[in-house]
Amino acid sequence: MSKVLERFLNYVSFHTTSEDDQEPVPSTDRQWILAKALEQELKALGATNVRMSEHCYVYATIPATTTKKVPALGFVAHMDTAPALTAENVKPRVVKNYDGGDIVLNEALGIVMSPKQFPRLKNNEGQDLVVTDGTTLLGGDDKAGIAEIMTMAEYLLTHPEIEHGTIQIGFTPDEEVGRGVDFFDVEGFGADFAYTVDGSTLGEIEYENFNAAGVKLKIQGTSIHPGYAKGKMKNAVLLGMEFQQMLPVSENPAYTEGYEGFYHLDKIEGTVDSATLYYIIRDHDKVKFEEKKKLFSKVCEFLNEKYGQDTFSAEIKDNYYNMKEKVEPHMHLVDRAKEAMEALEITPTVVPIRGGTDGARLSFMGLPCPNLCTGGENYHGRYEYVSVNAMEKVVEILIKIIELYAK
């Protein structure tokens, strides 16, 4: 078994799901367990300045082996998994030499992953894939990134003959709930530039991401006995449905791709008396992003005129912005990644992230930080999988980037 696979299978055994609407960082105590294990592993590998912060951030240094003036590079991945589906008791399975057909994830439950539903699955024919048993997500997002960074670190620490500058490693909590760098110590991290290893398909390089906002839409209804409700009842749940119908139908995650933004209704809580709808708003274009937020407010105003003031109230909070403007002055980061992939006969593909990464916010905190692939697909659900062959290649990509910066 390859080292990166062995590490990955170990890391996904840790239940590290983060939670929304929790004040502390980390949002769940279970993230500490993996953090402590990673801290101990880094120490055992011989990394220096290994430390864990009071907010569950793990940092480490691989000292430079060259006297040349070389930028200090950082590599960052996150420890938590998305709350979209449970990651407790993950039972990974390695499908050897995938034949290109359907993969039965759980025969008893009739859960099958098919290239008819997931066409990109076919691209992995002949590779070894790590899949779920259909009852949990896998955790490749971002434990594949952690395994790749850790395996890269082990290689550099056991091959001191390789010339490289100072390498900084950072593992973060709570990325999936938008708080991954709330307490990240950029100055103490000590990197001039960094990469997150939190992408998807092998060969992808990302330095554009969504502008993102979260919305908490509160609706105050009027509860009356339904037998005597004529002209009196305001059903908050139905009002929420009316609000949703006033948003553009085509600007929905299921109908968008590439640079197209969307409104996404993530969760509904409510009764006749009151309801709360939780939305996320996304767009790569800053102007369109602002327009989407304005439309949200306009719909609230319109419905308040119809149903009475203070029936609808929206709390809109920006989460992160498109890092493109912060990375473009340092395009050597993208160019080096391309060069590294080409040297390894991997075709680089620059694509926009239809999401966000810790790197997006780090870029606005003074640490330009594009995103690199991990080899995983179908994140945040039971059909998630990771290519073992791709993980091994990503380790090589990281090492090659480091070597290129030392030349």
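Glycine is treated like the rest: Cβ placed from N, Cα and C.
These come from Swiss-Prot:
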BINDING   His78, Asp141, Asp198  Zn(2+) 1 binding site
ACT_SITE  Asp80  active site
BINDING   Asp141, Glu176, His380  Zn(2+) 2 binding site
ACT_SITE  Glu175  active site, proton acceptor
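For the recorded positions listed here (Asp80, Asp141, Glu176), the lowest count of other CB atoms within 10 A around the CB belongs to Glu176.
Of all the recorded positions listed (Glu175, Asp198), Asp198 sits in the most crowded Cβ setting, with the most other Cβ atoms within 10 Å. For Glu175 (active site, proton acceptor), the nearest of the recorded positions by C-alpha distance turns out to be Asp80; the candidates were Asp80, Asp141, His380. Apart from Asp141, Glu176, His380, the Zn(2+) 2 site neighbourhood in this chain, defined by C-beta within 8 angstroms of the site C-beta centre, holds Thr81, Ala82, Ala84, Leu137, Asp142, Tyr379.
Between the CA atoms of His380 (Zn(2+) 2 binding site) and Asp141 (Zn(2+) 1 binding site) there is a gap of 8 Å. If you count neighbouring Cβ atoms within 10 Å for each of the binding-site residues His78, His380, the highest count belongs to His78. Asp198 (Zn(2+) 1 binding site) is 11 Å away from Glu176 (Zn(2+) 2 binding site) when you measure Cα to Cα.
Here Asp198 (Zn(2+) 1 binding site) is positioned 12 angstrom away from Asp80 (active site), judged by their C-alpha atoms. One way to see the shell of the Zn(2+) 1 site is to take the Cβ centroid of His78, Asp141, Asp198; the remaining same-chain residues with a Cβ within 8 Å of it are Ala77, Asp142, Gly145, Glu175, Glu176, Thr196, Val197, Thr357, Asp358, Thr374. The DSSP secondary structure for Asp80 (active site) is coil.
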